[in-house]
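Swiss-Prot annotations:
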ACT_SITE  48  active site, cysteine sulfenic acid (-SOH) intermediate
BINDING   124  substrate binding site
DISULFID  205-211  disulfide bond
DOMAIN    6-161  domain 'Thioredoxin'
């Protein structure tokens, strides 16, 4: 299975990793919490530096969502440490989350994070993993484009809301063009349920298959 990209809905592979915060076991060390694993091509590169600063600036928001951050690249621990020190010294931002030092590329190959035509650097990817260790979202970005932290936070909030309320989340939520901050109720599974839903005061509906509500 080496090199196969894990799929959404599968359990995150059990991995023992070296990080700037010591050894960790994934996903075990994050049981009971969500975590966002994000890989970056290399330390001491401009786009990756802007991403690390952006993640750190929003770290408290992730923690309020019971969500931890962990970075990853094919670099050694001392490279991560020197880069983090540079960010603190030159940019005034202290990186508080751990960064995986995958110097041999074993973790990256296991997660399918090395593109054959892009050399040996890790691709720019995001895994969102839930408290049970299940992969809930995977996002890839091109090497030349940095990630949007607002969207990653939105995805975590959306997944948590979907799990808690048993609903689906519309585009651009919570500022959807049709239903604003409402959420979508799963379609009715019978004619009777569809009729009841259209008559219910608990929902608003465009039609029996498109009903929504506030949460």
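Even glycines carry a Cβ here, placed using N, Cα and C.
In this structure, 205 is the one among the recorded positions 48, 205, 211 with the smallest number of other Cβ atoms inside 10 Å of its Cβ. Model confidence over the domain 'Thioredoxin' (6-161) is summarised by a mean pLDDT of 96.
Distance from the CA of residue 124 (substrate binding site) to the CA of the residue listed as 'active site, cysteine sulfenic acid (-SOH) intermediate' is 9 Å.
According to DSSP, residue 48 (active site, cysteine sulfenic acid (-SOH) intermediate) is assigned to a helical segment. Comparing residue 211 (disulfide bond) with residue 124 (substrate binding site), their Cα atoms are 37 Å apart once rounded. Counting only same-chain residues at least 6 apart in sequence, those with a Cβ under 8 Å from the Cβ of residue 124 (substrate binding site) are 38, 39, 40, 41, 140, 141, 142, 143, 145, 146, 147.
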